[in-house]
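Annotated features, as they stand in TrEMBL:
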type: REPEAT; residues: 77-119; note: repeat 'RCC1'
type: REPEAT; residues: 123-180; note: repeat 'RCC1'
type: REPEAT; residues: 180-228; note: repeat 'RCC1'
type: REPEAT; residues: 229-278; note: repeat 'RCC1'
type: TRANSMEM; residues: 321-340; note: transmembrane segment
Amino acid sequence: MLSHLKSGTRALHTSTQKTVLYGWGQTQALPLTKGHMDRVFNQPTLLRNEQDYALPKDEEITQVATGWGHSLLSNSNQVYAFGLNQSGQLGTSKTKLTMQDPVKFVACGREHSHIVTENQESTQLYSFGNNMYGQLGLGKNKNSNPGSLIAESQPTLVNFKEKIESITCGLDNTIFATKKQIFGMGWSADGQLGQGFEDKTVPSPLSLEIEIKKLSSSTDYTFALGTDGRLWTWGNSEYGQGIQGKIIDRILEPLEVKLNDVVDVAAGGPFSVILTKDGQVYTCGYGSLGLGKDVVQTLEATVVTELSNKEIIKVFATTDYAAAISSKFFFCFFFCFLVYY
C-alpha cells in the first residue's frame, strides 16, 4: 500500500510500506546520479532498478519531501538531498546529511527546507535554503541585508523549545504545529501565516488552538485538520480553493470549512482535495478537480463521482495535479482528467 507521496513542480516520489521508491516527471530531484531536467519519466518508475540509483538498494526510506526542483529523503538519522541547490536548499554540497538525533519530519518549500529531529526529551527544528521572507524562522529576511541573498547553506537550529507534531511548507512560508498550537513564519502577503499580511521571521503563533491531525500546504494557502474532523483554512483563495462558497482574495485569519467528518485533506495550487469519513473525495477551486472536462472551476466542495465506492484512504495534491489512493489503486487527476495505475 502506498504510504508517502510528495511532489514539487517537476518530479514526484512515492514510497510504499516496503519503502519501494517510485518516481516520475523530470528527474533532477530524484535520487539518481544522472538526474536532469531533460531526462523525464513519463510513468511511475521503480527507481532502484535504474542503473544510476543513488541510494543503497536496501535503504529503508521513511520520509519524503519535495520542493520546486529539490527533494529530501530520510531514514533514521540520515537525510539524502537531490536537485537544485541555488539557495542552499539541499543543506550540503554532498548527497547525505547525518543528523545527531532520529529524523521525525522533512519538509520543503519552493527553495527552502526543514528537518525535524526527535530525542526522548524534545524535537529540534533545523532550517536551510532561501530565507528572503523569513521562512526559516531564524530572525532574518531580505531586510536584514538589502540587495543580498539571505539564505543558509547548512541546517541551522531554530530557537523553538516545544515539541513539533506536524510541519508543512508553502512556496515561501512554513507552518508547523505542536499538540494544540499552530505557528507560522515567512511570507504572508496573501495571509499565508493566518496572522494578517505581515511577514514573520521567527515562529509566530496563530490564534487558532486545535489539536492537529494534519497540516497541508503547497503554494500560498494552508489547511489545518483537527482530530475532531473539523477543517480550517487561511491564505490565498482567489480561485475558491479555500472552500468558502465564494472567491476571497486573501483569507488573513483561519476560517472553518463547512464540511463534516474530514479525515484527510490536500492543498494544491488553485484547488483543494478533501476525503471524508464515508470515503467520498471532494474537490474545490480551479483546475485539477477530477470532475470531467466540462468542469474547470467550482466554489463548492463537489464529490468526485469517479472515485465513489473506490475505498479511498488518502489524498494528495501539488501545484498542478492531485492524487488519491485505495488499498489497491493509485489515482492521479490533473486538469480535467483522471487516470489510475
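The backbone N, Cα and C atoms fix where each Cβ goes, and this holds for glycine too.
Counting residues per DSSP class in helix, strand and coil order gives 0 helix, 22 strand, 21 coil for the repeat 'RCC1' (77-119). Residue counts for the repeat 'RCC1' (229-278) by DSSP state, with H, G and I taken as helix and E and B as strand, are 0 helix, 29 strand, 21 coil. Summarised as a single figure, the pLDDT of the repeat 'RCC1' (123-180) averages 98.
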